Amino acid sequence: MKKIVFTGGGSAGHVTPNLAIIPYLQEDNWDISYIGSHQGIEKTIIEKEGIPYYSISSGKLRRYFDLKNIKDPFLVMKGVMDAYVRIRKLKPDVIFSKGGFVSVPVVIGGWLNRVPVLLHESDMTPGLANKIALRFASKIFVTFEEAAKHLPKEKVIYTGSPVREEVLKGNREKGLAFLGFSRKKPVITIMGGSLGAKKINETVRSALPELLKKYQIVHLCGKGNLDESLQNKEGYRQFEYVHGELPDILAVTDFVISRAGSNAIFEFLTLQKPMVLIPLSKFASRGDQILNAESFERQGYASVLYEEDVNVKSLIKYVEELSQNNEKYKTALKKYNGKEAIKTIIQNISEA
């Protein structure tokens with residue numbers, strides 16, 4: 001039986017692509033383990049899936065000054081030792097890393113054990129963890145073709161982003177019933193990220209009188225951001241977040257307004273949903289969402305509404321443009337084959 005160790009954590013975005021790949025390896029009877037941090041989100045997600053989980057010490061990698069920067073390099077070194085010992089016991093044939101600060105000790109520990117390491121980079125430019133890890137990797141899978149210019153060419157394989165199978169299996173009728181929506185008006189799903197986005201939430205709610213004339217709205221507004229005064233508004237459903245219902249909601253969705261995190265937008269792309277993308281500004285991030293969104297716009301999958309330009313008038317304008325040019329967007333979206341991503345990654349894992 002072949003063995004694989006997965007790693008990646010710190011945010012859900014460093015875990016969900018692993019969850020897209022794991023079921024296919026389980027079908028092929030791989031022995032699967034996961035190495036992550038002691039208290040990261042990856043621990044909760046992976047243990048819920050029933051996959052053996054091993055925790056190690058890890059320090060956060062920061063690009064800015066923080067007193068914790070003095071302590072954290074020692075935690076990383078301890079994490080390398082923890083990972084080295086654990087990998088030596090597990091004896092995997094291959095390690096697959098999705099990035100995040102916890103992945104660095106695992107990648108180095110794998111390399112020290114002479115285990116082939118495969119990385120996946122979701123964004124246009126590598127994050128700090130993958131920048132460190134890539135020198136220890138034998139192959140690097142990239143979500144965006146443009147990412148290749150930032151990485152060692154001899155290691156790069158373009159795959160796109162692996163998408164969870166359950167996301168593709170939504171039921172439109174169940175979605176309509178869950179939302180209480182009719183079939184008469186198109187549905188817009190609006191997502192501001194797991195924590196929500198104050199400016200997006202406020203603008204959407206201010207634009208409701210105009211938007212609800214032509215559309216039905218699903219608003220995933222983030223934890224603590226519900227507006228009780230709108231709970232019974234016809235044609236408008238708001239949720240802090242959804243779990244099992246998301247595939248059915250996406251099956252109902254005609255258009256998406258969203259942040260531009262790589263995993264989410266590739267799910268919309270695979271489902272062929274035209275998008276208005278509102279990337280996090282450079283003030284709130286390293287600018288990766290802006291690059292992601294602009295790439296999608298160049299390929300005809302989406303239009304980009306920059307954070308600083310978000311207001312009621314611009315939001316309505318972008319929604320109308322999306323609606324009027326729906327067929328143009330759909331034609332572009334059909335060119336992408338999302339199923340190839342998992343197929344290519346599985347093939348390379350098997351050959352490692």
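Any Cβ shown, glycine's included, is placed from N, Cα and C.
Source: prediction; values computed, not measured.
Residues annotated as UDP-N-acetyl-alpha-D-glucosamine binding site in Swiss-Prot, with sequence analysis given as evidence: SER11, ALA12, GLY13, ARG164, SER194, GLN289. Every protein chain considered, the tally of other Cβ atoms within 10 Å of the Cβ of SER11 (UDP-N-acetyl-alpha-D-glucosamine binding site) stands at 16.
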Local Cβ density at GLY13 (UDP-N-acetyl-alpha-D-glucosamine binding site) - other Cβ atoms counted within 10 Å: 20
Position of peak Cβ density within 10 Å, selected from the binding-site residues ALA12, ARG164, GLN289: GLN289
